[in-house]
Amino acid sequence: MNKPVLVSFLVSGDPNPDATLKFMKALDKYSGVIELGIPFSDPVADGPTIQAADVRALSNGFKIAKSFEVLKEFRKESDTPVILMTYYNPVFKRGIETFVMQAKEAGANGLIIVDLPLQEATEYREICKKHEMGTVFLAAPNTPEERLKISDEASTEFLYLISTFGITGARESFEQMTFDFIKRARTTCKGKICVGFGISKGSHAESLIEQGADGVIVGSAFVDIIKNYGDSEEALVKLEELAKELSEGIEKGYEKRNK
């Protein structure tokens with residue numbers, strides 16, 4: 001991840017596992033990383049768009065093993081890094097080491113456990129290190145300097161900067177607070193920083209990359225397309241179109257940053 005990248009998020013199994021595989025392939029062309037969300041019944045960090053996607057997947061009988069199967073199929077055609085996003089409960093129930101080993105075997109490059117605080121993640125980090133599984137932790141605009149440093153050190157893939165307070169979901173524009181946070185993280189952190197929450201168009205990506213981000217994470221905007229078009233050719237076209245627009249925005253932001 002040398003040049004800034006698009007990190008594209010999908011909910012695994014929404015509306016069905018076969019569709020997820022097709023959607024991953026459609027986004028692959030313009031994505032530097034794919035983030036695959038494992039549906040959970042109580043996704044507290046997610047807004048209504050992704051919560052509804054979780055419900056759609058779970059109501060179709062989704063099981064965690066299906067996420068691993070989809071990823072294995074994707075790995076037959078692509079080596080684009082894939083980060084699995086989940087909550088702690090499903091990992092704990094399966095057993096941390098079992099989950100990490102199964103994710104690794106399926107072809108995952110890293111994990112995000114959204115509701116696992118860094119101070120409680122010692123065992124998890126040790127297991128990930130043992131199995132060469134990447135880790136991603138989150139930081140918010142009010143994260144103190146020292147915690148930002150520790151979160152950066154604990155994140156082997158990238159640090160996930162939450163652009164604003166609250167839950168995920170598309171918004172019109174970003175406040176100065178977000179840009180200030182990127183600049184602060186840029187000076188504090190040694191690793192890669194990617195910004196998520198609320199990004200839905202090329203102009204968003206452009207402004208965030210221009211401020212110094214190494215990547216933008218886009219979820220709700222893609223999931224909205226899937227909600228509206230379902231498992232269809234039109235969904236594939238719309239997903240690829242949006243990924244292209246975002247990718248072009250990233251490129252423009254990178255050019256501006258390097259002028």
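Cβ coordinates are placed from backbone N, Cα and C, and glycine is handled just like the others.
The annotation active site, proton acceptor is assigned in Swiss-Prot to Glu35 (among others). A C-beta separation below 8 Å, combined with a sequence spacing of at least six in one chain, links Glu35 (active site, proton acceptor) to Val7, Ser8, Phe9, Leu10, Val82, Ile83, Leu84, Met85, Ile112, Ile217, Gly219.
The feature active site, proton acceptor is assigned by Swiss-Prot to Asp46 (among others), with sequence analysis given as support.
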Conformational class of Glu35 (active site, proton acceptor) under the three-state DSSP mapping: strand
